[in-house]
Amino acid sequence: MDKATVRQETLGKLRKLGLVPSRKEQQEKAILDQLFQSSLWQEASSVGVTLSMGLEFSTEPIIERAWQEGKTVAVPKTRPERKMDFIKITSGTIYEKSHFGVREPLNDDIIKETQLDLLIVPGVAFRLDGYRVGFGGGYYDRYLAGYPGQTCSLVFQEQLNQEWEPGPLDLPVSTIFMKQWTDK
């Protein structure tokens, strides 16, 4: 299956998940519990994470928890040539919408790749070996190529898809946090 098909099918599954808020919230809670108990989280003094929107895993609790624990939080800001930097944010940060409709900080307080201990990488679909299908821009794959720290992704069961092969530029995340779902 090609990535475009995987992306389209998985987005459909995420839309359906969004129609059952209790199921989405239950998965998010279980996955966040795993993240917060992990050594990846506990040993990190700085965290890179997206500002979630729509169908994505809600990152607001991650940002709030990081601040409560005194961690530095940085979010992506897109640049020309499909590049991005991570920008330090605080509760007083002012945002603007990018040309993708994503909130990005107005400030330019860049946190270098070597200063981020943990990068929580978003995606549309994931394989168990850490490879992911993103939203199609290649921003994270480019960033990951120069990122030396720890990586993880927070994955809904609906995002798991083993039926595609990673490309030569794809880079896996080191850890997948996911709640197995069983209907009872």
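The count begins at 1 with the first shown residue.
Using the three backbone atoms N, Cα and C, a Cβ is placed for every residue, glycine included.
Listed features, source TrEMBL:
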BINDING   Lys3, Ala4, Thr5, Val6, Arg7, Arg132, Val133, Gly134, Phe135, Gly136, Gly137, Gly138, Tyr139, Tyr140  ATP binding site
BINDING   Leu51, Glu56  substrate binding site
Sparsest-packed of the listed binding-site residues (Leu51, Val133) - C-beta count within 10 angstroms: Leu51
Residues that sit under 8 angstroms from Gly137 (ATP binding site) by C-beta distance, when 6+ apart in the chain: Arg82, Phe100
For ATP: widest Cα to Cα gap among Lys3, Ala4, Thr5, Val6, Arg7, Arg132, Val133, Gly134, Phe135, Gly136, Gly137, Gly138, Tyr139, Tyr140 in Å: 20
Lys3 (ATP binding site): tally of other CB atoms within 10 A of its CB: 18
Alpha-carbon spacing, Val133 (ATP binding site) to Glu56 (substrate binding site), which is rounded to whole Å: 14
Candidate binding-site residues Lys3, Thr5, Arg7, Phe135, pick with smallest Cα gap to Glu56 (substrate binding site): Phe135
